[in-house]
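Annotated Fe cation binding site per TrEMBL: 180, 241, 313, 527, in sequence order.
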């Protein structure tokens, strides 16, 4: 899965440039034959506006949210995109400046105000962004674009119109939730976010949004907290981007990348601090694994520990014979990977991009196995008896259980990230295949498939082509786990014509089935979904 392509021309810089939204869907030129059964929409979110007037956004996660849609019907394809009309976007466009602080870009008071007005503006407190550029997912019969704050934005998946902003704090005790909920077949949504627990200590709440009620009322109004998990530090919660869920358990991995809450609450209001300024690394805690049961929802007191790593994406978790198997896309060490995702770094020439990646934490796909039957008298013994893994778990004298992983894939500066599986059939279950976006020194340049049982790999890659997270779509009535297609948006900035396209791959061997090309450049997207 290691990339064999270099990028000296720097075409990847084009996916980090501002684009315009479209007034109407544009037809795509289809090369190949699209399967007849593939009829639906690929919805994607990412940044599309990288500066406002003369003011730039500085971090990859700052650009204003742009929603993309490829519609597939009867072998024909159209492409459409619109900016999500969040408060952050509307106010920025109205005032022609950055108005709300984003992940790595601080907003400052209006320079046209006098000094007293600007001073008091600083003390109005934290105005949290609603820039929902990370993902889109269904809640009941509706669809919401999201980031990682308390705000989610209801959108129309057909017209891409922005419908309304929802503040989850109106319904739940959370400061924000992840952009990666788990959704069961009946529509139940689970998520996790940090909160204030007992004695004003920070904790993590796992929350549940039920399926659409019979009376068709809003299921978000019936949201509830299921269980609370403790934080390793009272005022410094860990950064959480995703979590794991099996049939009977929740899996939360608490990493050493911390949010300094006191800095967040104080320095922000006075000095124009941004989110990135509030992160710090705990160099001594390592990484903690937390478990909770789903029904009844209860925290499990086992103390699972391992060495320090960053974590953004869980691949899958499942139960097997008294063990919980957890597959993760990790980055070694305690330094925050997002430090390397400033736009200035990603827009550097290729040799400079490679030098920066040499200094960054290194990626690795890992499997951890957590034993559920734990006895203190078994100190020093490997508690894992599953025959197919080399992962270990050893009880220590202090009662902690030390975990060592099995490495499923490792390549220097070559990440398997943005993982996807056959979610509808194999989420929370023993599975074989993961699909991912290959990052070459942080630049996305290939689509990968990994057999987590045999470690066999497959790769799709073309020169000067920059794909997005591959979305798995299952063939109707299929039996095999990998019977389906992968959908990915690819950009080839140097193409003579139609530089952006929807790529359709056979999920079994990553051979191309078809592509639908359009006459526009498509900026980077993060996550999304297929809506049949």
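The backbone N, Cα and C atoms fix where each Cβ goes, and this holds for glycine too.
Caution: TrEMBL annotation is automatic and unverified by curators.
The number of other CB atoms found within 10 A of the CB of residue 313 (Fe cation binding site), across every protein chain shown, is 18. Same-chain residues at least 6 positions away in sequence with a Cβ under 8 Å from that of residue 180 (Fe cation binding site) are, in sequence order, 135, 241, 242, 243, 313, 314, 527.
Look at the binding-site residues 241, 527 and count other Cβ atoms within 10 Å of each Cβ; 241 has the fewest.
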